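All remarks here apply to the structure that follows.
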Protein chains: 2
Amino acid sequence: MKIFSGIKRLLFGRRLANAQMGETLLPKRIALPVFASDALSSVAYAPDEILITLSLAGMAGFIFSWEIGLAVGVVVAVVVMSYRQTVYAYPSGGGDYEVAKENLGRFAGLTVASSLMVDYVLTVAVSVSAGVINAKAMLPFLQDHEAWTAVVVIVFLTIMNLRGVRESGAAFAIPTYVFMASMIVMVAIGLFRIFALDQTLLSETANLTVVREDGVENIAGWALVAILARAFSSGCAALTGVEAISNGVPAFKPPKSRNASRVLGMLGVLAITMLLGIIALANLTKVHLIDELTGTHYVDEVGNTIHSAATTVTGQLARVVFMDWFEPGFYVVVTATMLILFLAANTAFNGFPSLASILARDGYLPRQLHTRGDRLAFSNGIVMLAAAAIALVLIFNASVTALIQLYVVGVFISFTLGQIGMVKHWTTALKTEQEPEKRTKMKRSRVINFVGATLTGIVLVIVLISKFTHGAYLAIVAMGVTFALMLAISNHYLAVEREVALTPDSDRALPSRVRSVILVQQVNLPTVKAIAFARATRPTTLTAVTVAIDDDQVEQIIDQWEAEDFGIPLKVIASPYREITGPFIKYVAKLRTENPRDVVSVYIPEFVVGHWWEQLLHNQTALVIRTRLHFMQGVMVTSVPYQLKSSDARKERAKEAARRQVRG
Amino acid sequence: MKIFSGIKRLLFGRRLANAQMGETLLPKRIALPVFASDALSSVAYAPDEILITLSLAGMAGFIFSWEIGLAVGVVVAVVVMSYRQTVYAYPSGGGDYEVAKENLGRFAGLTVASSLMVDYVLTVAVSVSAGVINAKAMLPFLQDHEAWTAVVVIVFLTIMNLRGVRESGAAFAIPTYVFMASMIVMVAIGLFRIFALDQTLLSETANLTVVREDGVENIAGWALVAILARAFSSGCAALTGVEAISNGVPAFKPPKSRNASRVLGMLGVLAITMLLGIIALANLTKVHLIDELTGTHYVDEVGNTIHSAATTVTGQLARVVFMDWFEPGFYVVVTATMLILFLAANTAFNGFPSLASILARDGYLPRQLHTRGDRLAFSNGIVMLAAAAIALVLIFNASVTALIQLYVVGVFISFTLGQIGMVKHWTTALKTEQEPEKRTKMKRSRVINFVGATLTGIVLVIVLISKFTHGAYLAIVAMGVTFALMLAISNHYLAVEREVALTPDSDRALPSRVRSVILVQQVNLPTVKAIAFARATRPTTLTAVTVAIDDDQVEQIIDQWEAEDFGIPLKVIASPYREITGPFIKYVAKLRTENPRDVVSVYIPEFVVGHWWEQLLHNQTALVIRTRLHFMQGVMVTSVPYQLKSSDARKERAKEAARRQVRG
C-alpha cells in the first residue's frame, strides 16, 4: 500500500482547496484570459465549421462565408450586450441557471442546468478534439490517431484537476494573450501583404476544387438555404463560453459588475474581430475546407481525387502568412491555438463541479456534492465528466465536425431561457421601482434582453431544425435524461423533507428508560470493551446475549463469562437453524414489545481492520444485524469499535488524505 | 419488486432447512443409494476411459482391458476395506479432512480440504458431462451441443439446490436401484446369450478398426507401459465417491459404524461386480472405443476413415443386449445411467457447503459460512460451485476424457493422506490401549490401513506421472491456490484471536464518564429522535454539534434550535473548506484528548430508506464520519435510525425472506 500511495501522491499530488481561487480578486487584465479563454478558443474552430458546411454547396458555397461570418458576428454582439445586463442584475455569479430559476421557475432552471451539464461534457470533447486537429498541422504523425491523442489529453487534464492544480492567472494569461496576439498579428500581416504589398497569397487548398460525392453540382433554392442555415448554426459555436463571465462576477475586483461588463465588451470586440478577420483572410487566400464526413472530396488541378481533409483554417493561414519568410510565426500560431483549446477544456473541469455544487445545494443532485471540500464528491464529478467526454471522443472519433452538431443546442437553450428570465426580471423590477432615471435604465436593459432573447430564440430554432437529425437529437436526449434524473432526486428530497419536518404536533416525548443489550459472539477484548462502554452509560437494564449455534462454543463462552465475572447476566438464545441474526432480532423485538415506552440500545463490538479484504472476514454478522435493527422503531445501534493493530496503517492513510485535503 | 420476488419465489421456492435431513436417520437400504450414488455412477464412465486410453495402443491395446479392470477392482477392494476401519474410528463423519487434521496436523488437513473442494467442482463437471454423453445414445440430436446441454443441467441443479429441495430417500433410491438392477441384468443377459445361448453378440464398433492418427502401429516397451498406466489411472475414476459413506456415518441408524461399514462392503461388492461385468461384456462384444481428442480414428471394413467417436460403452452394450428383442431395456439402461450421473453431481451441491461450513468452523474460510442457517452464505457456496463447474464444462467442451485427467489426483491425495492418518491413529491408540483383544483388532486395522495407504500412495504416484502433463497440473494448481487462500485466512484469524484474547493483564478499566455528541445537519424529526434517545441515556455532558458549510443554512439551524428549546447547547464549528467530516472528527478528537478517562458517544441520526438508490442520496456523510470515528480509541458510534415511510416495503421484504428461511 505504501508504494501505491506513493504513486498516487506522485500522480495527484497534494490536494489544493479550490475555494482559495476565489479569494484573490482578479483585475481585468487577468479576468479576461481566465474567463474568456473558452469563448475566444471557439474562434479557432468556428470558421472551419462554417467553411466545411458551406463546402456542401460545392465551390459556390464558399462565397457565402462572408455573410455567415457577419451573421454570427451580429449574434455575438447581441449576446454580449444582453449579458452585460445580466452581470449588473445578478452579481452573485449564479449565471443563467440562477436567472432562469428565479424568474421562470424550477423547471426552467432545471432545463438550463441540464443543458449546461451536457455542454460541459461537450466543451471538453470539442475543445480537445479541435486542439488535436490543430496540433496535426505541425505534428502530421497524429493523423489517424486523433481519437486516442484526444483521450490522452483528457486523461492528462483529469489528473491535473484531480491533483487540484491551482490555475494561477499566469497559466491562463500567457497562452490566451499569445493566442489573441498571434491571431491578430497573423490576420494583419496577411491583409498587409495582400493589400499593401500586393502579394498573391494562396492557401494550400486554393487550387483544389471541392466536389460532392453524389455528383450534384448546382445547389440552389431550399437545399442552399438548408446548407446556409447549418453553416450558420455551426458558426454559432463561436458563442460557446460567452456566458462564463456572467458566472464569474464575484471574482472580479470592485466595482465587480462594471469590470465584468467591460471585460465582456472586450471579449465581444476581440471575438468578432478575430472571427471576421480569419474568415476574411481565408476568403482572400482561397481556403477550401472539406471534411470526409460531409460527403465531399477534393479534385486537384490534374483531375486527381483527394479524399482526406486538409488541416484547419488557422493552420493553413499561418502557413501561407508566415512560412515563406518567418517560420517560427507558424509554430507560434499553431501552438497557441492548441494550448488555448486545451485550456478551454480545462475550464469545464472547474465549471462542472461548481455547477454540481450549486445544484446539490438546491437539492437536484446528491447533497454530498455540495460540500466541495469533500474530496470524494469533487473527484467523482471530475471523473464522470472525463469519462463522458472520453466516450464522446471515441464514439465520434474526435471529429469536431461531428461533435459540433451536438454542441450548440445546449448553449442556445441556456442563452434563450437566461434572456427570457432577464426580461421577466426587469418587468418585475419595474413594478416596484419609482426613480425615473433607474426606470429608464431598466427599460433600456429590458429592450436589450428582449432583443437578445428573440435573437437567441430564433438561432435556437434554426439550430434545432438544421441540426436535429445530424446529431442534435442526441444532445436533447442526454439533456432530457439529466433533467428527469435531477427532477426525481429533487422530488425525493422534497418528499423526505416534508416527511421529517418538525411540526407543533410532532412527537417529542422522551423515552423513559434505556434497555441495553450487548451482542456477544466471543469473550475477548472487543467484547470487554463493549461491556465497559455499555456500563459507563448506566442503562436501566443491561443484558449480554449470545446465540447458540455451536454447542462447544457456547459452553466455552459460558465458562469464560463466569470466570470473568462481569456482573452482567448472559442470556443464551437457542438457534435451531445455526443462524445468528434471526433469533437475535427476535429477542430485541420482544424486548421492545414488552417495554414499549423504553428505548433499546444494542451494543455491537466491531473489529476495525486495515484492509478491505479483512473486512470480508469480520463484522459480517454485525453488519447484517445492524441493517435489520435499523428497521425497528425505538432501537438505537451502537458500534463499539476495537482497533486491531492492522488498522493503524489505514488510519495513517486516512489522516494523510485528510491532511492533504485541508492543506494547500 | 413484487413481481421480481414473485419470480424468485417461483424459481427458488421456500427455503427448506437442510439441517432437517440429518434428523431422520437412514436405514441401510436407503443409506446405500443416498451415499453410494456418486461412487456407483463412476462405474458408468470408468470403463469408457479405460478403453479410450487403451485405444492409443491400437487394436492391440484392447486386449489389456481385462487386466486394467482387475487392477482397478483390487484398488476398490483395498480402499473399501480401509474405509471400513475409518468409519469405526471416526463415527463423527468428519471424513478424511478430520482424520488428516487430527493425526497429521493442520497442513495435511488443509491439503485434504483443498483437494476435496477442487474435487467437488470436478464431480459436478465430470458427472454432468458423462450424463449428457450417455443421453446422446438415445438423443442423438445432442451431438455438438454437449457443452451447453451440460450447462443447462448444471443450472437446473443449481436452481433446485437454491430452492433447497429436500432430497427424500426415494428420490435417491429409485434411480440408484434401477441403475444397479439394469446394469446387472444387462450384464447377466449378455453373458447368458453369449455363453448359454451361444449367440454371437457384436457391438456397433466391433467391425471398426482403430488406427492412430500418427500411423504408429506396434506400441511396445515403455510406450505401452505409459499407456497402460494412464488407462489404469483413468479407470481409477471408478473410486471417486467411495469416501462419501465415511462422511455420512452420523446419518446412519445405530449401530452407526457397523451399518456404515456394511454399506461400504455392499458398495465395494457392487462396484467391482458392475465394473468387471461391463468390461467383460465390452470385451466379448468387441467394443472398440476411441475419442477424437486422443489422436485415433476408426477405419471401417471397406477402408473408410471415421473420425467421430462412438457412443458410450453402456450405450453400446445396452443396444447389443436389448435392441433386437426388448427395446425398452435399452432405454431403461441409458435413462438410469443418465439419472444416476446427474444425481452424483447433485451430491456435490450438498457436500460442498457442508465442507465449507466445517472449514469455516475451523477458521479456514470466512466465519459466516459456518452458520448454514445464513441463507446468503449457503447460496454463495452453491453458486460458486456451479460457476466453477460451468466454466470447466465450457473450457473442456464437456469432454469426460479431458476432464478425467484433472479428476483423480485430488481423490487419491485425500485417500492417501486419510489412510496415513489412520495408520498414525492406530499407532497412537495402541500406545494407551491395554486390552489384548482390542489391541489385536487395532493391529489388524493398522495393517489394513497401511496396505491402503501404500496402495493409494502408489496409485497417486502413477496418476501424477501418467497424467501430469495431460491436465492434472491444472488440478494441482487449483488446489495450491485454494490451499494458500485458506492458510492465509486461517493465519489472519489466528493472529486476530491472539490479539484480542483476554489475559489477566488485559485492561478492564471502566470509563468514568460519558460525553455525548449529537451530529446535527438539519433540525428535523430524525434529529429530534436522536436527541431524545441521547438524553434518555443521561450522559455526563451532551452537546449538539453542527458544521457550518453554508451561512444561510447555519442561521436557519440556529433559529430552529432556539425555537425548539431543546435545552442542549448547539455548538457551531467553522469549516473554511465547506467540508463536514474533517472539522467534526477534529472536534471529537479534541473532546477525547481533554477527557482521556471518559468515553465519547457520538449519536448520528440516520435515514432508513426503502431502495438502494435512496441510500445514495442519504447518510453518505454519516457513513464517512462513522468510518473515520471507528479509528478513534474510546469513541462509540450510535446510529439512531429514522424509518422513512418508504422503508416499510423493504422491511416487509426482509421479514418475508426471514420467514421463508426459518419455515420449511
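Positions of Cβ are set from backbone N, Cα and C atoms, glycine also.
Bear in mind that the values here come from a model prediction, so they are computed numbers and not experimental data.
Features reported for this protein in TrEMBL:
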type     : residues  : note
TRANSMEM : B:50-83   : transmembrane segment
TRANSMEM : B:104-127 : transmembrane segment
TRANSMEM : B:147-165 : transmembrane segment
TRANSMEM : B:177-196 : transmembrane segment
TRANSMEM : B:219-242 : transmembrane segment
TRANSMEM : B:263-284 : transmembrane segment
TRANSMEM : B:330-355 : transmembrane segment
TRANSMEM : B:376-398 : transmembrane segment
TRANSMEM : B:404-426 : transmembrane segment
TRANSMEM : B:447-465 : transmembrane segment
TRANSMEM : B:471-489 : transmembrane segment
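Only pairs six or more apart in sequence are counted, and the transmembrane segment (B:376-398) with the transmembrane segment (B:219-242) gives fewer than three Cβ pairs under 8 Å, not enough to call it a contact. Within the same chain, residues 36-43, 45-47, 49-50, 52-54, 56-58, 60-61, 64, 67-69, 71-72, 75-76, 79-80, 83, 119, 123, 126, 264, 267, 271, 275, 344, 347, 404-405, 407-408, 411-412, 415, 459, 462-463, 465-467, 470 sit at least 6 positions outside the transmembrane segment (B:219-242) and bring their C-beta atoms closer than 8 Å to a C-beta of that stretch.
Taking pairs at least six residues apart, the transmembrane segment (B:50-83) and the transmembrane segment (B:471-489) share fewer than three Cβ pairs below 8 Å and do not count as touching.
Residues of the same chain lying 6 or more positions beyond the ends of the transmembrane segment (B:404-426) and with a Cβ under 8 Å from any Cβ of it are 45, 49, 79, 82, 85-86, 89, 95-97, 99-100, 102-104, 108, 111-112, 115-116, 118-119, 122-123, 126, 233-234, 236-237, 239-240, 243, 442-443, 445-446, 449-450, 452-453, 456-457, 459-460, 463-464, 467, 470-472, 474-476, 479. Looking at B:104-127, B:177-196, B:330-355, the range that has the most CB pairs within less than 8 A of the transmembrane segment (B:471-489) turns out to be B:104-127. Below 8 A, the CB atoms of the transmembrane segment (B:330-355) and the transmembrane segment (B:447-465) form no more than two pairs separated by six or more positions in the chain, fewer than 3 in all.
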